[in-house]
Amino acid sequence: MPTQSTSKRLWRDVQVFDGLVQLSEAMTVLVEDGRIAGLWPAREFNEAHAQGAACAGRGGVLTPGLVDCHTHLVYAGNRAGEFEQRLEGVSYEEIARAGGGILSSVRATRAASEDELIAASLPRLDALLADGVTTLEIKSGYGLTVADELKMLRVARRLGQLRPVRVITTLLGAHALPPEYAGRADDYVSLVCDEMIPAAAAEGLADAVDVFCEGIGFSPAQCERIYQAAQAHGLAIKAHAEQLSNLGGSALAARYGALSADHIEYLDEAGVRAMAEAGTVAVLLPGAFHVLRETQLPPIELLRQYGVPMAVASDANPGTSPICMPTLMANLACTLFRLTPREALSGMTAQAARALGRLDLGRIAVGAPADLCLWDIQQPAELAYAVQAGRLRQRVFKGEVVYAR
């Protein structure tokens, strides 16, 4: 169906999950000029509230557009061979130390042009959109040179121009140590701080800076240098932390006011407390946990106890989470991590937006941008309960119905 365009439209008699909770009765929602202009219980709605509005949808479940707050969507090649290796008992760390893992994707991505990366990435982006995504973060991290990291960020920005979706970009220069810097990690960190971050900031290509704080990545001291450089250039901070061990990376990120700490399977109470005090979001990545067949669960009860917001993301990447289906992540977050369906759905909407520093997104509230999904289901929990394609009836971006069936 072709894209529809009108400045004023209604969704009537819909069950609403507003990004935090399911509203208690059927609602009518008015969108005008790209924003949510009204929200009424259906039984109280009066036509005078919305004169001239076209009815865009009736019935079903209306949620905020999904926000995928952690992806590595831009890359070339694949790592299916490593998937087989892991099934044969070779660990992720062993593969990485042997020159595979992230560095395998680095070789392929360095060799690809921007246009080739666009062609490789568009099908993955389209899969996310078909599952209800209206905003996503895309990280670099498979270039590991100034030129190649900027190339990846430019591709990410172009993807947001080629499709009706909001793309937030994150510079992940400290994803792995490139082979040409073997044994010289501090020198590479200097490159990230002195050249990569300034170049990305000068071109307006990055909204945030991320690091991989891990034994096979970068030390807390090295990550701290990168945080200081990011702050000096006005960029937000994020962290891959406590995925394989506890180096205190989440607490370090929190001290620098990080938007989020991601993975966090080995996070301890001190780290949880630091995140709570800083308002840092815990981004759960059940896809990587599932694919790597991990057993160390993130400390969900501690996160609840301290009131740390929990987001859920796909971590779409070629090695450890080659999955472009956020609703599957909701199911995995519930079945593997014991989130409630409400927590999982909030984690893919309001809390995911918080992890990107976009408190205006991921909500159905008067004044919020009208990024919406209308689903052919009876209650919001079904998005986490059942793993199933084809439930999306409409995807609305900035008030425009950009997909309908």
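In case you wondered, yes, glycine gets a Cβ from its N, Cα and C as well.
When the candidates His49, His240 are compared with the Fe(3+) site entry in Swiss-Prot, which names His70, His72, Asp315, the shared residue is His240.
Among the candidates Gln15, Gln243, Gln379, the one that Swiss-Prot lists alongside Arg79, Tyr142, His175, Thr320 as binding 4-imidazolone-5-propanoate is Gln243. Candidate binding-site residues: His175, Gln243, Asn317. Nearest to His70 (Zn(2+) binding site) by Cα distance: Asn317. Cα distances from Asn317 (N-formimidoyl-L-glutamate binding site) to the binding-site residues His72, Arg79, Tyr142, His175 are smallest for His72. Of the recorded residues, Thr320 (4-imidazolone-5-propanoate binding site) and His72 (Zn(2+) binding site) place their C-alpha atoms 11 Å from one another.
Whole-number maximum of the Cα to Cα distances across the N-formimidoyl-L-glutamate-binding residues Tyr142, Asn317, Gly319: 12 angstrom.
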